[in-house]
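Enquirer: Not my notes, these are from TrEMBL:
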- 68-125: domain 'DUF302' (DOMAIN)
């Protein structure tokens, strides 16, 4: 389990095999929501998906800066919310060049992943890197975004696989 609360962006993301033992398992394709997010349906519970997500980030030496339990926040005001956990994570090697090119990327970074339940399903949502590249006109940093996308895709597949 990741103990450190730390840093920012990643190094690559794409549709890659989940893990050796799970390579033959089918993983659901992401659903784009207004091009801003990639959302994956998990074959696991909220807690297992979250644990797998944290393990996948740890294997890639990505720093987890914070975990935010939205359900606990709702309960603190006597309200109900299905399980919903925001994970803020990244790596300065990926994020720093983006913020050097466009300081406003600091509002998007570190990266975020949301593990949540909706309509009885567990979902994992990640920011779409195509959106960021276009929104901030950073086509000169395409190779960084491509690596981020490949890494995020792999992480999502590992977290949501059967």
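Keep in mind that glycine also has a Cβ here, set from the backbone N, Cα and C atoms.
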Enquirer: Helix, strand, coil residue numbers for the domain 'DUF302' (68-125) per DSSP?
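Expert: So the counts come to 21 helix, 22 strand, 15 coil.
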Enquirer: Can you give me the average pLDDT across the domain 'DUF302' (68-125), rounded to a whole number?
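Expert: 97, rounded to a whole number.
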